[in-house]
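Below is one structure, written out as structure tokens; the observations come after it.
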Amino acid sequence: CLKNVLIAATDVLELGDSDFEYTVAEHDTLLVEFFAPWCGHCQRLAPEYETAATKLKGKVYLAKVDCTVNSETCGRFGVNGYPTLKIFRNGEDSAAYDGPRTADGIVSYMTKQVGPSSVALHSEGDLDAFINNFEASVVGFFSGEESTQLAEFLKASSAMRDNHRFAHTTDLSLGLKHGVESEAVLLIRPPRLNSKFEDSVIKTTAFSTASLRQFIGDHVFGLCPHLTAENRDDMSGRDLLVAYYDVDYLHNIKGTNYWRNRVMKVATKFQSQELNYAVANRAEFQDELKEAFNLGPSDMQELPLITIRTKEGNKYIMQEEFTPDGKSLERFLEDYFADKLKRHIKSEAVPQNNNGPVKVVVADNFEEMVNNPSKDVLLEFYAPWCGHCKSLEPKYTELGEKLSADDNIIIAKMDATANDVPSMYDVQGFPTIFFVPAGQKDQPQKYTGDREVNDFISYLKKEATHPLVLGTTREDL
């Protein structure tokens, strides 16, 4: 008898060595994920990718290739990490996908990849429908199809289609209600973000790609944008204050803007200062709040939670309750700009007994342990779940034992998942090891050698400020 087998329906095309080439050639635009089943990042992406495929069905297709059984195809496209996502056009590898990894982000990004880079508008209804969107709109108004400025605009829209929405019209009268009387480009912010504290429409008469890129970059977010998982990367690299609360622009626009307007009212008083502002849904960023500020669901309340994170990685939390008159936020910002706030540092407790061969460093004793100007420090950043770190541990402990009599050097480790890592240490994976010389604490050196005890000792003999003092357990070293 036959067993009843449930096979989950999927809208993601599954491709392999035998059918990849001719299947990809059948699609004008296709997003392909090259993955390995054991890859944790791939597993997290899978449900988002599946949801995006369903939402995009009929517009653009999504596919995947299991590289553990289709090595020929994956090798041909230079896949050396997972997941790797690529956009194919008419069978050709067109570009790497560098958009968001959430379902809505994938849908938004890939929707911009199909059809013309700029939508032609022919009526006022077309214009109203285009700008009534969750994202900002860039609309060009031109005198006719032969306009040289239109040609420039279309080049710019093609270059920036990945990140922005473009439309154009050759009927100048459509722009009259927005104050357009001659050729111009308008950046129109999403209607839900309209506010009395800033203009919702900004105009430029510069049409080149470089000029429009600068114009859009300067104005697209406005005074206080809606921070989401999809645009967070675009807003990184800047000093940013975020108000986290029950932001819901689908079901409660008025309630959401109640608090946003109060943030904006205060923000206008500090516009000359170098700080950006945003509002975000605290549930959407719960993992980040836990990771960066050690705030769990029990720490949340109905009132907005205010944080600041600078581009250098410094973090601050507003301790006072957010008041509807904005006075508490105003005091917080005055203290921030006066450099009176205490930085929030995520740290494990300083160990009471730290006499082992490998010293335990946490954020709260980093200055004392690592930045001691008289000591060389070899510092391992690790993660408790990391297999390579576990393999290294006995060797690293043996190294610490061999150097335990050397008062000039410290062998140390720090759990980078439980403590803030100073910004000058580039820790992208685990373990990451740095040598921090005495008297040169602003110049940590990443260790890239092999990880046997002898390798570490050979390295330290060359780099240490003072001759090494080795224990006598194995004098052959």
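Quick reminder: no glycine exception, Cβ is built from N, Cα and C everywhere.
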- According to TrEMBL, Cys386 takes part in a disulfide bond; indicate which of Cys224, Cys389 is its partner. Cys389
- Item | Cysteine from Cys42, Cys67 that TrEMBL links to Cys39 by a disulfide bond | Cys42
- Item | disulfide-bonded residues compared (Cys39, Cys389) - the one with the fewest other Cβ atoms within 10 Å | Cys39
- Note on the structure: Here the Cα-Cα span from Cys389 (disulfide bond) to Cys39 (disulfide bond), rounded to a whole number of angstrom, reaches 18
- Task: Sort out the sequence-distant neighbours of Cys386 (disulfide bond) for me: same chain, 6+ apart, CB within less than 8 Å of its CB, listed by position.
- Result: Phe430, Pro431
